[in-house]
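Asker: So TrEMBL has the following annotated:
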DOMAIN    B:104-197  domain 'Ribophorin II second'
DOMAIN    B:205-328  domain 'Ribophorin II third'
DOMAIN    B:361-461  domain 'Ribophorin II C-terminal'
TRANSMEM  B:372-396  transmembrane segment
TRANSMEM  B:408-428  transmembrane segment
TRANSMEM  B:434-451  transmembrane segment
Amino acid sequence: MANRPLTFLTFLSLLPLICFSFSPENPTDRRILVLLDDLAIKSSHSIFFKSLQTRGFELDFKLADDPQITLQRYGQYLYDGLVLFSPTIERFEGSLNLAAVLEFVDSGRDLILSADVNSSDLIRNIAAECGVDFDEDPSAMVIDHIGYALSDIEGDHTLVASDSFIQSDVILGTSKIEAPVLFKGIGHSLNPANSLVMKVLGASPSAYSANPNSKLSNPPTLIGSAISLVSVVQARNNARIMIAGSLDMFSNRLLKSGVQKAGSSNKYGKSGNEQFVTELSKWVFHERGHLKAVTVKHHKAGETNEPAMYRINDDLEYSVEVYEWVGKSWEPYVANDVQVQFYMMSPYVLKTLSTNQKGLYYTSFKVPDVYGVFQFKIEYQRLGYTSLSLAKQLLKNVYTSGVALMVTEYQFYIELLSANLQTEET
Amino acid sequence: MLRLLHDCGLPVDDVDFINSDGKTMNKLLLEDGCIKLEDAGFDWKILGPDVEQVDYVAWVCDQDAYACSGQKCSFMHENWFKSSLLRQMNDLAARRKLEDLTVGPVLTVRVNTVLGSTAPHLSVKLVQAFSSGSKGASIVESQELKFDSENDVHFLDALPKSVDLGTYHFVFEIVLHDSEEKNIYATGSRTKVPIYVTGVIKVDNAEIAVLDSDLGSIETQKKLDLAGETVLSLSANHLQKLRLSFQLTTPLGHSFKPHQAFLKLRHETQVEHIFVLGNSGKQFKIILDFLGLVEKFFYLSGRYDIQLTVGDAVMENSYLRELGSIELDLPEPPEKATRPPPQPVDPYLRYGPKAEIAHIFRTPEKRPPQELSLAFLALVILPFLGFVVGLLRLGVNLKNFPTSTVPATFAILFQLGIAAVLSLYVLFWLKLDLFTTLKALGFLGIFLMVVGHRTLSHLASTSAKLKSA
């Protein structure tokens, strides 16, 4: 009987250790749920899964129609990321459905979604909620008669070799992907009203999306560079979503195969697929491009403490430190375009901060001659980086300064005084 | 050919027409020593006694032998032995490899068991070959593949001549030689293999014209060279039509319908419109009637870039050509016209740093120069000084100061009170804010009122007494 409270206590004390997954101090995800259409995908895509596991992720493989799947229990999420490699699932059994997946993303967690030819409506709807519209004809594939990959076995030009990547070092890594990426599947377009979704791998201008076995009578809806093969979304709560139209793009077969684009004489021994999907998965799971800003400091020039108020025309100094998460630790973030605004309903001063190349950003300026309550605001949004949004308020004082003004002030008071004296003496 | 042989001395009546399979023919040739002339052949060559253009002849022979996958009989006069023809042909033949498609494709079939060991003696037959899409009869009759014992493959060295471009399904069947082995091995059913026969499609007679809608007369017509780059510059208004036409033919001369035949018009604002070209036989044509398309084009006038894309899985020369531009003049949009769809914003522009803002301080009000203000200050103080001096000259009028104690204290207190108010003013200017000042002033004011009332009433009563006395 005495043992029970003891075990309970030890269990309680161990609880904090269990909860060291996703926290703002350690943003890399740890536990990932992988949903598959059939377990053969686990071995046919083993290189991709292994690359995730060697980076420290715990993968939990489940069939998509497993009724035991649950994303959260008692309000706590069990996983930090979700990989949906189940393009043909019509309906999730268990507690998972479209709303649950969207809630998962809304809570700030990440998602990798792969559709394919003949995807189900459920997968298309999830993608549509993220701002990505797949071709309405489910049996359509991306066909490119000029940018196709030369292959010994496929002759209908549905295996496309694409090298139109997004220009972003943070999303695709600093080393350039030399070989084109092999893709065989369905294409999608991005909703132009959505400002958060970005095309990472696009199709060439001669590509179109159609059923290769039937003749075209109407022009296809997706044509040319408007077709996106892989897109990402960086949501406002910093959740990251990757949507791809081909499950084969992640498969061992295409990861290991060589590639030669039709019409070009460059023959690559290994396609760019492995580098592409590995670097992109690093970005999606927050191993790159996740920023935080700490230690905001502001003071008058020459002092070190933060005053409660400033006077007009004071010289003000402001500094902030920005760090980037690189998978295991926070490293100083180096850039030359971080800007601060001195803001009261609209920015009065907007300055680019200078940096000491070690993550410290600073600047100095004169306080404007407008009275009121101001804020130091940093709104930093760059392609592929989480957005930084800081605001620090301070007061402004009414006092003016300046010698010439004082003379007229003195005059005013002296006149008042003398008038008073005169009137009361008489 | 026969005439040449007769000329060379062949007996005129010694000709037989024989139709048999390969094995029988082999036997005949070996045993009887006759000359066999095959009927089907491609580019027979008879090289006469005049030896000239050796390089060209070598090249043609090599091309026909390999690139066209079949060259049958050739006769060469002995004079050619002295030339370099044979050596050149040898060199040309040696450089041909399948990888760069300089050799005609040979269809090979390798048969082994499910676990990978070699198969027993069998033959592979090409039972049917039909074009996918057509339900017609097979284009090839049952044909057995030859066996190459060195590489252990069965091969078909030449495709049937009637095979044109397109996708075909070849149906293969395995036939075991030894009937007892049927109990050990199972051959399965027929195997269907998709084969893509690719080739170069010829594009002819490409032309683009702007027609008048009503009359059908041609306003501008230009020939296009779709193999090279063309830069057109046309103009049309909404009452006219645009017609683009060309012909596509396969190497064997049949008509060809590619999977992708698009015409794209792209406006300066990046709004695009795609049209599919239709065909009748070999002729591909599209007529864009701008009168009916005005609404589809969102009433946008201006320059449209024309792009033509033709492609197919079996077409080796699929192309995408920028043909130039056309200036379209469309009428003004009415009130309720649909707006063109929004174009996506370039993501790089969305995320750039903003322009810097530096606060422009208000210019301070124009103040008079220092000396003027000081001079004015002196002028203001002057009357006050004059007042004080005058007071001193006249002497402070203390005669009416009350002498008896109680009124005197009141009078003193009154003077003190006034001084206190004045010092309060000074304090207010230096340090205090309005609220504390007003509070103090309140107290002082009440005090002053009481004291002052007493003093003044005392003074008034004394002067009244003086007057009455």
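Placed from the backbone N, Cα and C atoms, the Cβ positions cover glycine too.
Can you tell me where each of these features sits in this structure?
Answerer: Computed over the domain 'Ribophorin II third' (B:205-328), the whole-number mean pLDDT of the model equals 84.
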Asker: Please indicate, using numbers and ranges, the residues of the same chain that are 6 or more beyond the transmembrane segment (B:408-428) and have a C-beta under 8 Å from a C-beta there.
Answerer: 401-402, 434, 437, 440-441, 444, 447-448, 451-452, 454-455, 458
Asker: Quick one: DSSP breakdown of the domain 'Ribophorin II C-terminal' (B:361-461) into helix, strand and coil?
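Answerer: Split by secondary structure, the domain 'Ribophorin II C-terminal' (B:361-461) comes out as 79 helix, 0 strand, 22 coil.
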Asker: According to DSSP, how is the domain 'Ribophorin II third' (B:205-328) divided among helix, strand and coil residues?
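Answerer: DSSP classes over the domain 'Ribophorin II third' (B:205-328) add up to 4 helix, 75 strand, 45 coil.
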